[in-house]
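Structure first, commentary second.
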Amino acid sequence: MKPSTEWWRYLAPLAVIAIIALIPVPAGLESHTWLYFAVFTGVIVGLILEPVPGAVVAMVGISIIAILSPWLLFSPEQLAQPGFKFTAKSLSWAVSGFSNSVIWLIFAAFMFGTGYEKTGLGRRIALILVKKMGHRTLFLGYAVMFSELILAPVTPSNSARGAGIIYPIIRNLPPLYQSQPNDSSSRSIGSYIMWMGIVADCVTSAIFLTAMAPNLLLIGLMKSASHATLSWGDWFLGMLPLSILLVLLVPWLAYVLYPPVLKSGDQVPRWAETELQAMGPLCSREKRMLGLMVGALVLWIFGGDYIDAAMVGYSVVALMLLLRIISWDDIVSNKAAWNVFFWLASLITLATGLNNTGFISWFGKLLAGSLSGYSPTMVMVALIVVFYLLRYFFASATAYTSALAPMMIAAALAMPEIPLPVFCLMVGAAIGLGSILTPYATGPSPIYYGSGYLPTADYWRLGAIFGLIFLVLLVITGLLWMPVVLL
């Protein structure tokens, strides 16, 4: 049990619920809608403070709403309908998130990541890139970026990708050149490599729909509010110019703005070659894994008219089991996958209720009224900038997305002139790219920050510089390119 001083984390969400519930119902809302919003806000506060795991917070919120559904979920008119059974309807709502295709897509992607890890293919790819490109420090930065880029489409946990696969490899590189943490020698090469590790993780998290769990949460929120969605291919094509630009620009930019003292050397390639020799030649399991991943990516990009992305993932997982790339025990024991599965499904359920009770449409109209007189483009850019900068106040991408994305979507829906697919993709890209702003913004951030190679002042300074560059490029490509491929 946590110390008694931590009890405020438990009480704060309840206090928020009580305070909002006691506020008079705003004009235009029904009482059950306002009470639902009170519980929803309490859940968001719980996700931020985390007195218990996020999935538990969301499940408790759903339980409260479902049990009290005659007062929180359904209107008097609905309850008065002949044959309306609120017990059955509330249960149907409570588990509705688990039938959302987004949930199964991310679960499948987690299994892909397990396959990469179990076969060693992810580590082998990173080592090959380091071996081939590690003779010059700048090229080593590109090797880190390309390693993240290859792993990102099938690793929906950026923490598992950045902190679990890439960081354990690159943390071995600086000492090869006597670049030590918490020492004046850290700037020799270690600082550049570690900054490239975290910035590459943030960039690749924005490039692919399946590179980060909050991306899929956003699509689930979008679908529940508007019945519109973005496919894997839509996201990839919409991000393509920005992706190419960032992948090519960022290693060089880091090299210029945070220059390493050591520009070249042979120790890193020799170390990578030794590690690869220890792994042995490419085995049959790795070859099968590679073939399935290429097939999945091809279908995700080009097969949207013939097969749903979630069905692609589901089928590939079945093949991975049949081909013994992973075992059934690997699936049932994957705590990270099941954790995300439950909290993501629960949050989508809660967002669906927010829309069903009429809160989203009411809030959208309220925003539209206050924003009338401004051009849709100006409003869209302003909303993206505000959403992006609010990242400073959140230490969890999940809480950040859950708290702010529904409001952003509501604002866009209230102004038909704003193209929803374009706006939502810009919001999605901002989730990943904005994670560079602080040393607490996303899972891998504290790992790289705590490596001893990135002093506090350097991290905040570089985060602000790269964050501003990312935001400017996102707005430009969002206005010029995304409408071409998404509308």
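Quick reminder: no glycine exception, Cβ is built from N, Cα and C everywhere.
Here Swiss-Prot flags 10-30 (among others) as transmembrane segment.
Under 8 Å from some Cβ of the transmembrane segment (54-74) lie the Cβ atoms of residues 13, 31-32, 35-36, 39-40, 42-43, 46-47, 84, 86, 89-91, 93-94, 339, 342-343, 346-347, 349-350, 353, 356-357, 396, 398-399, all in the same chain and six or more residues away from its ends. Here Swiss-Prot flags 54-74 (among others) as transmembrane segment.
Same-chain residues lying 6 or more positions outside the transmembrane segment (93-113) and placing a CB less than 8 Å from one of its CB atoms are 62-63, 65-66, 69, 73, 122, 151, 153-157, 160-161, 210, 213, 216-217, 219-220, 223, 232, 293, 296, 308-310, 312-314, 316-317, 320, 326, 330-331, 334, 336-337, 340-341, 344-349, 352-353, 356. Sequence annotations record features per position, and here Swiss-Prot assigns transmembrane segment to 93-113 (among others) based on sequence analysis.
Under the heading transmembrane segment, Swiss-Prot lists 137-157 (among others), citing sequence analysis as support.
Long-range contacts of the transmembrane segment (189-209) within the same chain: residues 137, 140-141, 144-145, 147-149, 151-153, 158, 161-162, 166-167, 170, 173-174, 177, 179-181, 215-216, 219, 230-232, 235-236, 239, 242-243, 246-247, 250-251, 254-255, 258-262, 265, 309, 428-433, 435-436, 442, 444-445, 448-449, 451, 453-454, 458, 462, 466, 470, each at least 6 residues beyond the stretch ends and with a Cβ under 8 Å from a Cβ of the stretch. Look at Swiss-Prot and you will find 189-209 (among others) tagged as transmembrane segment, backed by sequence analysis.
The transmembrane segment feature in Swiss-Prot is assigned to 236-256 (among others); the stated evidence is sequence analysis. With a threshold of 8 Å between CB atoms, the same-chain residues lying at least 6 positions outside the transmembrane segment (236-256) that come near it are 137-138, 141-142, 144-146, 149, 192, 195-196, 199-200, 203, 206-209, 230, 300-301, 421-422, 425, 429, 462, 466, 469-470, 473-474, 477, 481-482, 485-486.
Look at Swiss-Prot and you will find 313-333 (among others) tagged as transmembrane segment.
Annotation comment: Swiss-Prot describes 340-360 (among others) as transmembrane segment, evidence class sequence analysis.
Packing against the transmembrane segment (370-390) from elsewhere in the chain are residues 400, 404, 408, 411-412, 415, 417-418, 422-423, 426-427, 430, 433-434, 467, 471, 474-475, 478-479: each is 6 or more residues past its ends and has a CB under 8 Å from a CB in it. The feature transmembrane segment is assigned by Swiss-Prot to 370-390 (among others).
Among residues of the same chain six or more beyond the transmembrane segment (393-413), those with a C-beta under 8 A of the stretch's C-beta atoms are 43-44, 47-48, 50, 54, 212-214, 217-218, 221-222, 225-226, 343, 347, 351, 354, 360-361, 363-364, 367-368, 371, 379-380, 383, 387, 420, 423-424, 427, 431, 435, 440-442. Feature annotation from Swiss-Prot assigns transmembrane segment to 393-413 (among others).
Sequence annotations record features per position, and here Swiss-Prot assigns transmembrane segment to 418-438 (among others) based on sequence analysis. Within the same chain, residues 158, 198-199, 201-207, 209, 211-212, 214-215, 218-219, 222, 226, 228, 230, 234-235, 238-239, 242, 376, 379-380, 383-384, 387-388, 391-392, 397, 400-401, 405, 408-409, 411-412, 445, 460, 463-464, 466-467, 470-471, 474-475, 478, 482-483, 486-487 sit at least 6 positions outside the transmembrane segment (418-438) and bring their C-beta atoms closer than 8 Å to a C-beta of that stretch.
Note on the transmembrane segment (465-485): residues 199, 203, 234, 237-238, 240-242, 245-246, 250, 253-254, 257, 377, 381, 384-385, 388, 419, 421-422, 425-426, 429-430, 433-434, 436-437 of its chain, located 6 or more positions outside it, place their CB under 8 angstroms from a CB of the stretch. Residues or ranges marked as transmembrane segment by Swiss-Prot on the basis of sequence analysis: 465-485 (among others).
Taking every listed stretch (137-157, 313-333, 340-360) in turn, the largest tally of C-beta pairs under 8 A with the transmembrane segment (10-30) is reached by 340-360.
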